[in-house]
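Working notes for the structure below.
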Amino acid sequence: MSEPTSTDREKKRPPLNGRRALPSNNSNAEENDVPEMDAFGLIPRGFNPKDYLRVVDIHMFKEPNEINKQQHHTDKYYNPKLIVRRGQPFQIQIDFSRPYDPEKDQIWLEYLIGRYPQPNKGTYIPILIGDVLKPGEWGAKITHRENNSIRLSIMSSATCIIGKFRLYIAIWTPYGIIRTHRNSATDTYILFNPWCQLDAVYLDDEKEREEYVLNDVGIVFHGDVNEVKLRSWSYGQFEENILDACLFLMDKAELELSGRGNPIKICRVASAMINSKDDNGVLAGSWDNLYDYGVPPSAWTGSVDILLEYYSSKQPVRYGQCWVFAGVFNTFLRCLGIPARLITNYSSAHDNNANLQLDFFLDDEGQVDNRLTKDSVWNYHCWNEAWMTRPDLPVGFGGWQAVDGTPQETSDGMYRCGPASVQAIKHGHVCFQFDAPFVYAEVNSDIIYSRMGKNGSQVIEKIDTTHIGKLIVTKGVGNDDMVDITENYKFQEGSAEERLALETAVMYGVKKQTTQPTTYQPQKDIEMDLQVQKVVLGSDFKVTIILRNKSRNSYTATTYLSGNIVFYTGVTKSEFKKHSFSAKLEPLLSNTFDVMITSAEYLNDLLDQASFHFFVTARINETGKVLAMQKAVVLEIPTLKIKTKGQMVVDRETSVVVEFTNPLKQTLENATLRLEGPGVLRTMKKEFRQIPAMSTLIWDVKCIPKRPGLRKLIASLNCDALRHVYGELNIQVQKP
């Protein structure tokens, strides 16, 4: 190899800088060169390092069945290196060239992370061997000595940086420090520790820790508040390379290593990195029903494929919608050891100006004017909650924090949301960071129906204070039940506490436009109700409008029904049904009107969420008052059947069969089937050119389960004419 020239050296020299500061240390993947011999000065000619104590081998006890991974609850990670949780002791063994003598041998351990390790930043950690370990502080002590070996118990700090550390053993000699050479086999991952009382993410309930940290399968609740649907999602936080992919996200976001011990900072940075807007993050969102050059959001069965594709390509993965962003975010949080759960809010407000009201403008005929109406009500919206203390807020606002990776509005210049204290949202303390007003509006907004009066004034026809945030749910602990957590976010509608929380939110700067009582006089004589029959894909159904005259006067009503195919975000794609009729309303009587909807009217325009939105307005001709009502309806979609052949045993090949019957009167083309199950099989995909009408498809897959216990298989079918087709099966995998 030729000697470097002087011009080469000049190129390598960093540019001059007038500040005495190291470059930012924001990559876990980058390393510095650590000298194996740090000389104190000139080394005498006769010096031989072999005359001093030498390290022959280091045993990390890193196998899944060995003490470290068992005690630290990291035995499920498919990763050959040592993975421990902070604030809790772990064991290593060092073999020397001769017996270790504490009287004359001076050794210490060095843990380094990043390219510019510094002691004051927590990125260079020298650990001397002492007699006792202090809880939650770095330290090491000898627990066993035998022949040429010592066993050490090492305690990490409870506020330690989360990431992959490099380990060196340093030995003092009179002429310099001798270190072990760089050995990636001794690399140690350190994660958050919900089992440690000194950790910011400490959770005191073992069953909750098993659910919110160790469960690698979850449930996404979707559909509509009147038609709750659920599907399983594979988080797969322990799968091969997922931990490295999650650490890469923080490198990509250029989060300073010294800030990576703080769950608040990690959540805030990750909520921006999960979406691709403004930072080329993990997932590109698409809500327009066009998914060219990508995977439709409904086809994903879990987070693993998405994170691994991003980790290898470094480019945003196409495509995601809210439950996909939330599923991937949950994987990231649980993988790093932050307790996390996925939340669904039904009838979720997307309030563009956070004024706590959604404005629906009606035209002269009483129908919604889409030109003027900019706010929308999502059938449902998914986000996450992460569990942590909030030392940056007053006492009492720790615990569950709302975080959201779906790009909706910018926060501090980037598309991100949270962490916002759920407790602060409930009590209206929206002044506390981060993004509490936006989350407060998602669950608490009022809907105002108004139209332009003849003199140009705004006439308010109806105020609906209960439609938004109707139901907020999450998966049960240790089961697949739906748990209603609406009361975590808000007091009961209409209660004194709820009014007080609203007044508090307004006081802290949430804009709330008050309406003059003179412009709003609710209609009391006539009541309207709207009912929709259960809808199975491909069948006809009926919509029923009920008008009740509670007065002793006779009225006539001009009624409009508008049926729309909508995105689950509440945005209309197309109107497929228009119907109007006049009704005579006799005193103290109810009138029922049925409107039939045929499959031919809606099938050609269906979207992948298969959701209808019916809007009914009735103008009372005698008074000029307008009644308005809306209802979202989700279609019943066929499901996939999953069966296994014979017993499932670890390391023994078995068969899984997926079945699907096409219920439509048309051939399905270019359908993709996916099947996955953490610990049982990695994602398998198969393309089918055609599935004829009313025919049954059978797919036989071979797999070798790797992990015993209760596991879950999840399948999805996807094609242009039919999406959101899922199936799942709980299986018991036996030990061999």
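Glycine is treated like the rest: Cβ placed from N, Cα and C.
Per TrEMBL, active site is recorded for Cys322 (among others). Around Cys322 (active site), a 10 Å sphere centred on its CB holds 27 further CB atoms from the protein chains shown.
According to TrEMBL, the feature active site maps to His381 (among others). Residues near His381 (active site) in space but far in sequence (CB under 8 A, at least 6 apart, same chain), listed by position: Cys322, Thr344, Asn345, Ser348, His350, Thr406, Glu442.
Counting only residues at least six positions away in the same chain, the Cβ atoms of Ser271, Phe325, Ala326, Trp383, Asn384, Arg416, Cys417, Gly418, Val439 sit under 8 Å from the Cβ of Asp404 (active site). Annotated active site per TrEMBL: Asp404 (among others), in sequence order.
Per TrEMBL, the feature Ca(2+) binding site maps to Asn444, Asp446, Glu493, Glu498. Listed in sequence order, Thr465, Thr466 are the same-chain residues six or more apart from Glu493 (Ca(2+) binding site) with CB atoms under 8 A from its CB.
The compositional bias 'Basic and acidic residues' feature in TrEMBL is assigned to 1-13.
The domain 'Transglutaminase-like' annotation in TrEMBL covers 314-407. Per-residue pLDDT, averaged along the domain 'Transglutaminase-like' (314-407), amounts to 90 for this model.
What TrEMBL records for 1-33 is region 'Disordered'.
Using the Cβ center of Asn444, Asp446, Glu493, Glu498 for Ca(2+), the list of other same-chain residues with Cβ within 8 Å runs, in sequence order, Thr465, Thr466, Ile468, Gly469, Lys490, Gly494, Leu502.
In terms of DSSP helix, strand and coil, the domain 'Transglutaminase-like' (314-407) has 15 helix, 41 strand, 38 coil. Around Glu498 (Ca(2+) binding site), taking its Cβ as the centre, 17 other Cβ atoms fall within 10 Å, counting all chains.
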